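Quick look at what Swiss-Prot annotates:
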SIGNAL    1-24  signal peptide
CARBOHYD  ASN55  N-linked glycosylation site
CARBOHYD  ASN255  N-linked glycosylation site
CARBOHYD  ASN300  N-linked glycosylation site
CARBOHYD  ASN325  N-linked glycosylation site
CARBOHYD  ASN457  N-linked glycosylation site
CARBOHYD  ASN491  N-linked glycosylation site
CARBOHYD  ASN549  N-linked glycosylation site
CARBOHYD  ASN732  N-linked glycosylation site
CARBOHYD  ASN791  N-linked glycosylation site
CARBOHYD  ASN874  N-linked glycosylation site
DOMAIN    880-971  domain 'Fibronectin type-III 3'
CARBOHYD  ASN895  N-linked glycosylation site
CARBOHYD  ASN957  N-linked glycosylation site
TRANSMEM  981-1001  transmembrane segment
ACT_SITE  ASP1175  active site, proton acceptor
MOD_RES   TYR1201  phosphotyrosine
COMPBIAS  1356-1368  compositional bias 'Polar residues'
COMPBIAS  1403-1412  compositional bias 'Basic residues'
Amino acid sequence: MMRNVQSFYFLFLLIVLNFHVVLSAVCIGQRATTTIWLNQNGDCQDVGFCQYLQNCTCWHGNLVVKSTKYYDEENFKPYFPKLREITGYLLISLCTLKFFHLFPGLTVIRGGDLILNYALVIYYNEIKEVYFPSLTAILNGGVHIGRNHRLCYVNTIRWKSIIKDIHQTGQYGIYLESNKLNCDLGCLKGHCHPAPGHDGDPKAQYCWGPGPKKQQNKAQCQRFCNTQCGPEGCLDGSDHICCHHECLGGCSAINSTNTCHACRKYRIKSTGQCVSKCPRKQYLVDKFLCQESCPYWSINSTEYHHYLWQGECVTKCPVNYISNNQTKKCEKCKSGMKCNTVCKYQDVMADGTLYNGALIRVPSDISKKGLVGCSVFEGSLTFQLQEGTGKAEDSLNELKSLKVLKGHLKIQKSSLKSLNFLSSLEVIETPQNALLHNKYVMAVYENSQLSELWPGNESIIVSDGGIFFQYNPRLCPLHIRNLQDRIHYKNGSKVTGEVSLQNNGHKVLCDTQMLVMHVEEFIPPDLNMETDMTAIECNSFKCVKVTWNFTMTSAYNNILFYAIYFKELQSNQEAVVQLDNECQNNDDWNVITVDIPKIESLEQSLFLQSKIISKLTPYTRYAFYIKEIVSKGEERSSHIHYINISQDLPSEPLGVEASFLSENKILLKWRAPSKPNGIITAFKIYYNKPDYSFWEEQKVLDWCSRDASRDKNAKDVAGYPVNKENYNQYCNISCVCDEEKENSKAIKADREAHNFNVEFQTELMRVLFTKNKFSYRNKNKSPPKIDFSKNISLILSNKILTSTSTTVTQAKIEIIEEPKVTVNGNIFSYVISGLDYFEDYELKVCGCTVVGCRRPSSTINLDCGIVQARTGVNLTADNLDSKMVRVQVQLDSYNISWIAPHKPNAVILKYEISIRYALDKDALVICRPGYLPTYIIRKSRFGNYVAKIRAISPAGNGSWTEEIHFKVAELSVTKNNNQLIIGIISAVSAVIVALLVFILLYMFLHRKLEKDVQGVLYASVNPEYMNSKEVYIPDEWELNREKIELIRELGQGSFGMVFEGIAHGIGDHAELRVAVKTTNENASIHDRIQILQEASIMKAFNCNHVVKLIGVVSQGQPTFVVMELMGRGDLKSYLKERRPDDGGIPLMRQEIYQMVAEIADGMAYLAARKFVHCDLAARNCMVASDFTVKIGDFGMARDIYERNYYRKDGKSLLPIRWMAPESLKDGIFSTASDVWSFGVVLWEICTLASQPYQGKTNEQVLNFVLSNGHLDYPEGCDYQLREFMSLCWHRDPKMRPSFLEIVHVLENEVDDDFVMVSFYHEMKRKALEDIYMKSESYIKSDAYTMSDGYTKGDGNMQNMLSRSQNRKSAIEKSKERLSISSLDSGTYVEKYDANDTPEEIPKKKKRPRSKRNSAVDSNACETKPMLRVESLYDNHDAFSENMQYGDTPVGKSDLMHPETNRELRLSEIFYGKPIPV
């Protein structure tokens, strides 16, 4: 019984365990790389293979996913959820899928094979989003994601957590380039945080997409596992429960080797179990799988035989072992037995031809191409190792076992210093057809670093051919001679050596005989099927044809071949052939070898030879010369010939950058192309919105449950890494001659990136367009093919290299895009305006030469610079119109409707409707998606309600509308009487509505008839062309239109454009520069009346610190208002120009106080004239050419001569950020409210035109100011200016200082020019003159106040007589520093002395004003000692009894603190106590 229970329990455990077991299906491709073809609908083109791959959990090999233009009627969607492991690389390119979700279960990419060091490549696709939610490990190789102009969520992945090889750094590690910029990235709120050990920021988020979506309710988070678990990974659904140590990348059950997603070492193919070593009777295959037999063990197949060696299946036996085809084993060589490890390899060259041998470009090619441990290599070996590819000698030592080479040996343009790795070479058996140039068994040439060969005295036996050593500047000829003595043919004779003693080692090249050569640019003929490949290349590239004479001489047998040398030169540079030192050598010459012609008859004595050289740089000067390479005797060469290659289309501009300037402007910058290929005549700019926008997914994404988040990682510059978490700094170390160094690091970086992209694209082309097939393809269908005869040049230019066929598929028609802007070739920036708010734009810059212009191309070869940018935010674009919000109440429900914003920021994502029941404290906020109709209908209980609405866009939240109050009435009737009551209510409502409409119409017409000029409707026969003189009476200010000449636009005014112009014959001026305000052509009559009313207001002003009116042109259209020209524009723009961060000169302290005094003086003048400005701000203050600041823009000014304040009616736009609390609350505008605005202007000056209340909406500003709030004082600003602001922002308008008082305090801070022309000093001088005249006449008077005029006292004659002499003396002293203002603001009179009388003062001679000093004062915003508050005059003693503020006399003693004996602060003078700042 117990045994049965134990058996049952064991069986139960086995069932539970097997429930978690994932059956492993390892699939092995018949080729190293297999392609998944997708048609235009995204269906599998090869259904057989896709069905086969769907059942695979591991793919042994490389996978390529790409689309084809060809279409088969299949409906098989690619989806491979079981695939968890790829042993090679994964390439996704030329794919038109929108969302790439093909491999949701892919966990590990081993990187056994790489594309230029990359294991995952996503390149040049139209994919918007990739999704690898299970990917946790890339064992070898890096990640390259580039040229995907729609792909977002690239930088929200922490690639460093996926790449496991810490040595994969720099551009060969993680390279993310030219993907979609300005993505609005945001992972699902509250999700996607990394596990411990991956990121120091616990709030960081990493995800593959926004999530959730309707199709899948997932957060799309990147999968993380606690780093303490190591590479084995975590249990599915957990980030801290570790898997078995034999696992890799994760598992589906813990403590089990059967549930691993991938194996850390080996996997048993039959069961999927992960093991550290293969069990008995199973063999290790490809260092990856354990299986019962080696693959391809077949009697009929010997090509892919595997052999057993120490429990492993190998394709070749190691050193000292020999393969036995009978036993399929590697047997150890017996003593005295000749034991060789035979290797062979067939390489593919860049042009697609096969090379019977191995081409070694990088050290890793030794192991990648199976050459490690080879003793016999059947094929040729070519070494072209470039500098910077690693320690080549260490990797090449793996070839030290090479003894027999059955091909030629070629070492060319290599960075090798020694050939010691060939020290074991004994035999070179080269077939006749394998000789290099049909002559050479060994060729070593153009190796700049090679200094020694290999040591030893052993002989080397060659079967045929000779040796060739040329242009090895560091290789001593003695070494070559020693090696040559050791090389013998099989018959014992020494090998012939074609070795030049002139160009091996440090020798100077010299010629005794000259060859005749001719060079000309080659124009290819029309293409046809008989055209050779060289001519086809010349159709796309520049070519040169080199021709020379070959003369038959007795030395014919000594000529090996001809070498054509050529190189690029500067414009007028001469070429020099020399080998002087390390930097100036012959390595900068390119060389092409040409075989000598075959002599059919000895009677021929003269031959004409030619060679076409292609791929030359257009618009470049080249030098050419040709030389004979001989085995012995003298070498002949030609003179150096020069040729200028013609122009061609330029390459793409470099450094294309875009940044927003405002809500509808983008600044586009670029640099000249790296290959201009001629003189750049123009640049054509294309821009449009991308055909895909992230916000178009608003119908799929639930924005009511998420917040819109901008990409905070995105940089302004396109094409550079944006997420520093995924990048390591790198640099290329190489020897560069001083004269070749770039002047600009940015240009050098651009060129290095360009060269790297060329290298990567070349390797990518080799992978993408290599012929490939798979055995599971449907046999009833032929693969896609192309007819080359249709368009050879198109095939070459687009690199479409596929199989040939007799069937032709219709090509996709490309829409030609027209340029939006064309600029000159010497311009490298442009401001694009008129764009939509907060929208993404794709901008392209294409260069032009005299040959033509590049155009944006849809192919992988990009011809234009491409960048993406987004415009700025319009702060009011998302605001809803409160007037358009409607509420309809129907019994127990209500309907709220509104009108969407006309031009929002990007798109409205959602609306928030706040509804509060009158008896409830909190409001209910309802979300309405932006794509739905703008209304909501809700059931409700009876009572009063308050509602408001706001719109939310990608730019943020709009302002709330005004609150709407409505009531849902209680139902008090029975259900049976509902219809009757509704009918009665409807009838009564219709009658009431009709009466209301009639009454409103009557009132509207009646008011229209009674309006005055500001609102009168003037009748006219032709109202749209109404003449201004019907509403405006010309006076002495009227000017002749013909005397006004408009020059250029200055900007937009209140009613139309503002122009700079010249007024001819105005007053004493022959020509006077003026500013001219005009109305728009389509301006209404009301606008024309308004501009004339503004001009009428200005007629009353004559102050140096108020913009002056020159005249009016009211006759005809358009109306002109001619004003004084303010050459430096408005104060706000001028302050921005002075920002040090933007290269401006900071304001000095004197300038700040001068500006403040001039503004206060101008406002004091307006206050004295009983005018309230209502819109005082830095934008409405103007700066003249001599830096004088004046008050301007009276569009809102009102005359309040008979009342002290103005209550504004209506609801027009108001400058809320500058308005006083009483203006915001009650609509009261007065001089005191202008003082509040003046304080805001002070704040603008101190912050150099920053936005007041930055970060707050208008609604928030309104509530903040009404809640006793005001602006924060600028940091580091002068203490007195801060105290001025505090005084101006007093809550009680009566407690704010007047403008004259402000100027009085600043009197000692202004320059002499201000004293001559200010309104304040003019009032002061009038008071002085009045006192002077009355003192002379002994008029009975009391003390006078000098602040705003003078007042009479008690008339004490004796006191007046006793003080008159002192007063007169003080006046005469004060007059020495005063001068009288002239009516001409541009001049002032000379100073008068004490003997001048008031009648003599105006007779003084005028002289020009001095320019203001604009020197830099770095301490302009630092705290200064307190201003000295003095009396109106310098002499305290003389006038201490005559000073007063209001009704309180102020003397010298009153200006001192009674306890500390210090000077009083401004607030202490005005209010009697300090006001805290």
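Yeah, the Cβs are placed from backbone N, Cα and C, and that goes for glycine too.
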Least surrounded among the glycosylation sites, given as ASN55, ASN325, ASN874, ASN895, when other CB atoms within 10 Å are counted: ASN325
ASN255 (N-linked glycosylation site) and ASN874 (N-linked glycosylation site), distance between Cα atoms, whole Å: 58
Proximal residue to ASN549 (N-linked glycosylation site) among glycosylation sites ASN55, ASN325, ASN457 (C-alpha distance): ASN457
Site with most surrounding Cβ atoms, counting all protein chains shown within 10 Å, from the glycosylation sites ASN457, ASN491, ASN957: ASN957
ASP1175 (active site, proton acceptor) CB neighbourhood, other CB atoms within 10 A: 19
For ASN549 (N-linked glycosylation site), the number of other Cβ atoms found within 10 Å of its own Cβ: 13
Cα-to-Cα gap, the residue listed as 'active site, proton acceptor' vs ASN325 (N-linked glycosylation site), nearest whole Å: 100
Neighbour tally for ASN255 (N-linked glycosylation site), based on other Cβ positions within 10 Å of its Cβ: 11
When distances run from the Cα of ASN957 (N-linked glycosylation site) to each of the glycosylation sites ASN55, ASN325, ASN457, the nearest one: ASN55
Separation of alpha carbons, ASN491 (N-linked glycosylation site) and ASN325 (N-linked glycosylation site) (Å): 34
Cα separation, ASN55 (N-linked glycosylation site) to ASN895 (N-linked glycosylation site) (Å, whole number): 55
Secondary structure content, the domain 'Fibronectin type-III 3' (880-971) (per DSSP, counts of residues): 3 helix, 47 strand, 42 coil
ASN491 (N-linked glycosylation site) versus glycosylation sites ASN55, ASN255, ASN457 - nearest by Cα: ASN457
Pairwise Cα distance for ASN457 (N-linked glycosylation site)/ASN255 (N-linked glycosylation site) [Å, integer]: 62
Distance [Cα-Cα, Å, rounded] between ASN255 (N-linked glycosylation site) and ASN55 (N-linked glycosylation site): 26
For ASN549 (N-linked glycosylation site): DSSP state (helix, strand, coil): strand
Mean of pLDDT values spanning the domain 'Fibronectin type-III 3' (880-971): 86
